[in-house]
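Take a look at the structure below.
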Amino acid sequence: QTCALNAVGGSGCSDTDITCICLSATFISSYGSCIATSCTATDAAAAQSFAVQFCAAAGVTVGHPTKLSG
């Protein structure tokens, strides 16, 4: 949850603009990096799946965040 909140804050998007958030390379990179370093493998996988499903619900297709992070 902390990773998502921090990544949204750095995305430059309103926290209610899901499409903007999901299209933000900054959000994807920040979220992916955070979960990769802060979560267990199991929790990271769950966080990745959540992000993909969350964005899909807004009509945005994204890959797994850790695969998109640099």
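Cβ coordinates come from backbone N, Cα and C, glycine included.
Annotation source TrEMBL lists domain 'CFEM' at 1-70.
Every protein chain considered, the tally of other Cβ atoms within 10 Å of the Cβ of CYS3 (disulfide bond) stands at 22. Under the three-state DSSP scheme, CYS3 (disulfide bond) falls in the helix class. Per TrEMBL, the feature disulfide bond maps to CYS3-CYS34 (among others).
Here TrEMBL flags CYS13-CYS20 (among others) as disulfide bond. In sequence order, CYS20, ILE21, SER24, PHE27 constitute the residues six or more apart from CYS13 (disulfide bond) in its chain with CB-CB distances below 8 Å.
What TrEMBL lists as heme binding site is ASP17. Cβ neighbour count for ASP17 (heme binding site) (all protein chains, 10 Å cutoff from its Cβ): 15.
Taking the Cβ of CYS22 (disulfide bond) as centre and 10 Å as the limit, one finds 22 other Cβ atoms among all the protein chains shown. What TrEMBL records for CYS22-CYS55 (among others) is disulfide bond.
Between the CA atoms of CYS3 (disulfide bond) and CYS22 (disulfide bond) there is a gap of 14 Å.
DSSP assigns CYS22 (disulfide bond) to a helical segment in the three-state reduction.
When the Cα atoms are compared, CYS55 (disulfide bond) and ASP17 (heme binding site) turn out to be 11 Å apart.
Each residue contributes its Cα atom, and for CYS34 (disulfide bond) and CYS22 (disulfide bond) these two points are 16 Å apart. Cβ contacts within 10 Å of CYS34 (disulfide bond), excluding its own Cβ and spanning all protein chains shown: 21.
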